[in-house]
Amino acid sequence: MEKHIDILIVGAGISGIGIAAHLSKDAPQRQFEIIERRENIGGTWDLFRYPGIRSDSDMSTFGFNFKPWQSPNVLASGSSIKGYLSEVVDEYDLKKKIHFKHRVLAANYDTASKKWYVEIEDAAQKKQTWIANFIVGCTGYYNYDQGFEPDFPNKDAFKGQFIHPQHWPENLDYVGKKVVIIGSGATAITLVPAMSKGGAEHVTMLQRSPTYIASIPSIDFVYDKMRKVLPEDLAYKLTRARNIGVQRGIYTLSQKQPKLVRKFLLKSIEMQLKGKVDMKHFTPSYNPWDQRLCVVPDGDLFKILRSGQASVETDQIEKFTETGIQLKSGKHLDADIVVSATGLEIQILGGIKGTIDGQPLDTSKSMLYQGVMVSDVPNMAMIIGYINASWTLKVDVAADYICRLLNYMDKQGYDEVIPEGDQTELMEDTVMGSLTSGYIARAANVMPKQGKHAPWKVTNNYLADRKALKNARFDDGVLHFDKKTDTVERKTKPKLVS
């Protein structure tokens with residue numbers, strides 16, 4: 001069975017829903033369909049269902065630019081975010097465009113017809129071929145099937161429950177049980193207070209090394225007051241602009257004055273702990289924003305640690321035992337449940353096998369043009385959100401650019417666009433930037449590479465991107481456009497796997 005479509009959006013998470021909404025309002029002449037492998041929209045916010053799941057960015061910047069987040073809550077629960085996305089789906093009538101329980105297996109671009117031939121497996125596990133003019137990959141950057149798990153010595157000896165947050169058991173009973181959470185990132189610092197409040201006998205956060213953690217208010221009182229005296233849209237725009245500036249300011253200051261920011265963060269944590277917990281557990285060896293800065297609402301993590309309901313250990317695992325974890329220091333952590341909050345397994349485009357005329361593509365040897373399109377790959381965009389700000393900010397600017405590009409192609413009568421790569425621009429760093437987080441280090445052999453200069457340099461700077469993409473010319477000598485009747489030989493060939 002073959003099906004001809006115009007634009008194929010892969011993924012109905014926050015990126016896919018955002019792209020679809022922008023296309024609906026900014027390029028309404030283009031038709032699109034959305035493929036979603038799961039039964040529901042939401043992506044990350046449908047997959048992760050562990051206790052306390054929430055955003056780690058403020059919702060005024062995590063919400064879309066076209067739809068105000070109408071709540072004073074700074075951070076939001078996973079269910080609230082799914083509800084917000086459902087509203088977008090309803091407002092833009094997207095439900096009829098989404099094909100649930102459909103999975104893209106492979107995609108081959110045929111240069112003769114200038115079409116993508118996409119192999120799809122439907123809910124009945126029957127294979128179909130969809131023929132698309134343009135693809136937008138909105139699958140995020142991690143493997144939905146499994147998270148990253150280190151090789152824990154003797155793990156099989158453990159008689160309790162071993163859980164990864166990515167696959168949280170429904171109705172897990174942890175009341176009255178001893179829980180050890182391995183990790184110190186956003187997931188771990190969310191789980192500790194949530195499981196403690198949920199009735200666990202004791203929760204221990206076991207970390208190999210400390211992480212910077214900032215406490216932020218759970219309610220944005222300024223925004224709440226503005227909403228009462230200003231139109232909702234204006235209050236949202238002002239709050240969004242303020243928070244974008246604050247985010248960027250903290251990140252920039254961390255790069256330029258790391259000692260100053262470190263001193264401030266550590267002093268803030270010390271005030272939260274009130275001498276009840278040793279500061280060695282919250283004093284990282286790296287500088288602020290060398291890894292992503294984690295946040296907690298109203299210092300909930302520190303409150304739980306002060307109360308004694310939870311504790312933190314900075315150590316390394318010697319091995320698992322039948323009853324818990326033996327640490328290299330000699331200490332034993334008793335556990336009924338162990339949660340491995342050890343990060344994500346990086347994966348691009350949902351693991352789709354991509355080819356051009358049957359020849360495999362290698363994204364790790366490619367760059368991103370304007371942070372949106374893969375070098376030497378025709379008629380495809382890929383959404384990778386910011387690592388130092390809200391993911392959705394990138395979705396908005398990328399969607400605006402994609403809509404402008406498609407409108408330009410329609411006006412000029414073009415069927416194909418290819419960002420022609422310049423290998424002299426290729427760097428060793430990936431587009432994830434200079435962060436040293438474990439999951440980013442593991443992305444080196446998967447992620448597209450950073451470029452030295454624009455338009456190949458991914459800035460991870462929303463304000464810079466918004467200006468650059470809004471004003472970007474399409475006749476820049478890098479984008480190569482073709483019509484179906486064109487026979488002009490391209491200057492470069494797609495990057496292939498040898």
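Quick reminder: no glycine exception, Cβ is built from N, Cα and C everywhere.
If you look up Swiss-Prot, you'll see S15, E36, D56, F62, V104, V395 marked as FAD binding site. Annotation note: F62 (FAD binding site) sits in a helical segment as assigned by DSSP.
DSSP classifies R208 (NADP(+) binding site) as coil under the three-state reduction. R208 (NADP(+) binding site) is surrounded by 14 other CB atoms, counting those within 10 A of its CB over all protein chains shown. Here Swiss-Prot flags R54, S55, D56, S184, G185, A186, T187, A188, I189, T190, R208, S209, R292, L293 as NADP(+) binding site, drawing on similarity to another entry.
The feature transmembrane segment is assigned by Swiss-Prot to 4-24.
Nearest to E36 (FAD binding site) in space, judged by Cα atoms and limited to the binding-site residues R54, G185, R292, is R54. Following the DSSP three-state reduction, the secondary structure of V104 (FAD binding site) is strand. Look at the binding-site residues E36, D56 and count other Cβ atoms within 10 Å of each Cβ; D56 has the fewest. Checking each of the binding-site residues S15, D56, F62, V104, V395 against T187 (NADP(+) binding site) by C-alpha distance, the shortest gap belongs to D56.
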